[in-house]
Amino acid sequence: MQGFEIRDGALAVENVPLTTIAEQVGTPVFVYSAGAIRARYRALSDALAPVGAAIHYAVKANSNQAVISLLREMGAGADVVSGGELARALAAGVPADRIVFAGVGKTREEMAAALDAGIHLFNIESEPELEMLAEVARSKGATARVGLRVNPDVDAKTHAKITTGKAENKFGVPIERAPVFFARAAELDGVEAVALSAHIGSQLLDLEPYRQTYVRLREMALALRAEGYGLTQLDLGGGLGIGYHGQEGPDPQALAAIIREELGDLGLELAVEPGRWLVGAAGVLLARVILVKQGVTKRHVVVDAAMNDLIRPTLYDGYHRIQPVTGCDRPDAGPADVVGPICESGDYLAKDRPLPAVEAGELLAVRDAGAYGAVMSSTYNARPLAPEVLVDGDRWAVIRPRQPVEALIGLDRVPDWIGR
Ligand code: LLP
């Protein structure tokens, strides 16, 4: 199930026309297909079942309680990167022993909260972090299970802002240093080093960098075991890309085959941390055309969604397909920029995009906005956060209401020395 299809010339999510949601909830609005998310989860878990790899959903991609709960219901654990995400995963009912905690800068408070919850694994990224975690755990009489995030120095061939596995990135420690870490962890009370982890970047379309990473993980896992360390797990990170141009994208069966070939015989527990692959294609950002402005050299389609709702185009040169919600079969009328109302020239959803002639009041769907859409939105220009809707067959529900503008203003405090 893809979730989105054209019926009678109009775009529908499962059995619900997008026009219905726009009429009842207004625009801009994020709309997700529960069926599409379940189908992706099933495809991935079926592919990974023979290699026995667990799935820890990277909550950062879309952390709405309904989305996390849906994936938890399917059997997913969670990969979190902050105390906030930890709280979100726990609130959505993800069992603590299926939660892993990543990130270069966990605070003592966040470590303490994760220890109190009893999470499965801390992926740690530096010597000072190892010492700090050991200290926090000792102060609680606890022992933290630790995975060492290694940097395999592999080029993930993705956008510079979302690559993480190169030597110059802030992430992980050079893989050659792993024995030093395991030795230090063995000396320290409060930590038990059980895993190696690697995440080389996001939106990978080529699977070869994964193979290179696994080969290095394998060598190091064998070396650590030969030295007598109690390595029991490998955390293989996330990063599996999606076809933003409407193409198929990488096949989870192919990824599973590489995992089996390179790591299948090690007898280690395996886990992956996908975010985008599970939820990205399952969402759209629905916007209404405010007006069409014929500029000196260009057609500007001004819509009511903006860079504060979806920052990927301007931040990563991200490409998102844009299509009219009704009259889907109209011919192109030449290239247009689809822009928002924000006072920045970086405020666009598409540049020089072939688009049919569209009119004020029409609905446009910005595709593949299920991952890194709503979670990265801001209230810049005092634009309230857009609502989120989940469709499941014939049913649909608002899973986050539109933020009232009063809620934005209501957070401010004017000190009493400033005149009213
Ligand atoms: N695990 C770790 C340690 C990560 O840092 C990430 C993503 C993931 C898993 C999940 O990656 P995924 O499977 O979703 O690619 N905002 C960017 C993507 C940033 C990804 C950061 N880390 C974007 O919109 O493209």
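Glycine too: its Cβ is placed from the backbone N, Cα and C atoms.
As the structure is a computational prediction, the values presented were derived from the model and not from experiment.
Residues GLY239, GLU273, PRO274, GLY275, ARG276 are recorded by TrEMBL as pyridoxal 5'-phosphate binders, and the candidate that the same record lists for that site, out of TYR348, TYR372, TYR380, is TYR372. Packing around GLU273 (pyridoxal 5'-phosphate binding site) is summarised by its Cβ count: 27 other Cβ atoms lie within 10 angstroms of its Cβ, all protein chains included. Taking each of the recorded positions LYS60, ARG276 in turn and counting other Cβ atoms within 10 Å of its Cβ gives the largest count for ARG276.
Between the CA atoms of GLU344 (substrate binding site) and PRO274 (pyridoxal 5'-phosphate binding site) there is a gap of 33 Å. Listed in sequence order, the recorded positions near ARG312 (substrate binding site) (C-alpha within 10 Å of its C-alpha) are TYR372, out of GLY239, GLU273, PRO274, ARG276, CYS343, TYR372. Annotation for TYR316 (substrate binding site): spatial neighbours HIS159, LYS161, ILE162, criterion Cβ-Cβ under 8 Å with sequence separation of six or more.
Checking the recorded positions GLY275, CYS343, GLU344, TYR372 against ligand 1, the ones whose Cβ sits under 6 Å from it are GLY275, TYR372. In this structure, GLY275 is the one among the binding-site residues PRO274, GLY275 with the smallest number of other Cβ atoms inside 10 Å of its Cβ.
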